[in-house]
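These features come from TrEMBL:
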- 45-52, 162-165, Val191, 199-202: ATP binding site (BINDING)
- His52: active site, proton donor (ACT_SITE)
- Gln76, Gln168: (R)-pantoate binding site (BINDING)
- Gln76: beta-alanine binding site (BINDING)
Amino acid sequence: MCAKAGVAEKHLSQSLPIVRSVSELRARVAGWRSAHRRIALVPTMGALHAGHLALVTAARERADRVVASIFVNPRQFGPAEDLDRYPRDEAGDVAKLASVGCDLVYAPTVEVMYPPGFGTRVLIDRLGDGLCGAVRPGHFDGVGIVVTKLLTQAQPDLALFGEKDWQQLAIIRRLVADLDLPVEVDGVPIVRDADGLALSSRNLYLSPEDRQRALALPQALGRAVAAITAGAPVAATLVDARAALSAGGFGKIDYVELVDAASLEPLDRLDPGAPPARLCAAAIIGATRLIDNFAVVRPA
Ligand code: AMP
């Protein structure tokens, strides 16, 4: 049984329940499960925008009940990263989630997720080594533990993640397969502003000037994708893309890499008929680190 038209409207008129403990979450989910509802989970760190809401909308289409979690996970932030200033707006988030037909918000505290004595880690091999993993040591181990916990706490049939975090999505698919977690993982395409910048909670940090300059990221990647699919040499194209980012106002460029879309192995060529590839980049503008990625499919 799946969501029917009118469900979202019904939710607009109801207040959206928020639970903060595993036992409350499990009680809600158990009730739905005994009524044979298909349950989706959308994990987020809050500061929600249309990209997050697209995940909830996709979840509504694929399941009967949608749980969104809001948890700013300290374990995925490095010591010099933006944990303390990460944007938080729970009331605004809940209103947005209600407007797209979410059924339940799970907003645990840090103590619920990592109580005193917590001593388990989930270590991500290989897939977490390159790209963001190379410049954010421990980040994906933090993602691994929080996603494992959220999935075992909520026990959804389906969990949705954005393609915006391509490496994260690949890692979560691996993690779910490796740990035999009984959940389907779906990726949702990147939602962009009208001018092409991928939506991100961190865009809130950008000054108006940097917001404008940030467009160099999708533009440089878009040009590089066109060049590579037209047969241009990969290495030289990546050099050009980096130069375009620098010229556009980006400071440190963490990476601009062509990788196999599933294994994330770096590619220095794109053979006709080769498996799908992804062009991924991370770079810093002002004090804000932005990531983006594009599909690269060479015509056969
Ligand atoms: P975050 O709150 O940044 O941890 O993101 C929560 C989920 O939303 C992740 O699965 C992200 O990949 C996804 N997400 C964030 N931004 C976008 C976007 N612009 N388009 C699609 N999904 C997104």
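Including glycine, each Cβ sits where the backbone N, Cα and C put it.
Nobody curates TrEMBL annotations by hand; they come from automatic prediction.
Since the structure is predicted, the reported quantities are computational estimates derived from the model, not experimental observations.
On the structure: features taken from TrEMBL.
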{"residue": "Met45", "record": "ATP binding site", "Cβ within 10 Å": "19"}
{"residue": "Leu48", "record": "ATP binding site", "Cβ within 10 Å": "26"}
{"residue": "Gly51", "record": "ATP binding site", "Cβ within 10 Å": "21"}
{"residue": "His52", "record": "active site, proton donor", "Cβ within 10 Å": "28"}
{"residue": "Gln76", "record": "(R)-pantoate binding site", "Cβ within 10 Å": "21"}
{"residue": "Glu163", "record": "ATP binding site", "Cβ within 10 Å": "19"}
{"residue": "Gln168", "record": "(R)-pantoate binding site", "Cβ within 10 Å": "26"}
{"residue": "Val191", "record": "ATP binding site", "Cβ within 10 Å": "18"}
{"residue": "Ser201", "record": "ATP binding site", "Cβ within 10 Å": "19"}
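Only Met45, Gly51, His52, Val191, of the recorded positions Met45, Leu48, Gly51, His52, Gln76, Val191, place a Cβ under 6 Å from an atom of ligand 1. Cα spacing between Met45 (ATP binding site) and His52 (active site, proton donor): 10 Å, rounded to the nearest whole number. Of all the binding-site residues given, namely Gln76, Glu163, Gln168, Val191, those whose Cα is no farther than the 10 Å limit from the Cα of the residue listed as 'active site, proton donor' are Val191. A separation of roughly 18 Å, to the nearest angstrom, links the Cα atoms of Gln76 ((R)-pantoate binding site) and Leu48 (ATP binding site). Across the structure, Ser201 (ATP binding site) and Gln168 ((R)-pantoate binding site) place their CA atoms 16 angstrom apart.
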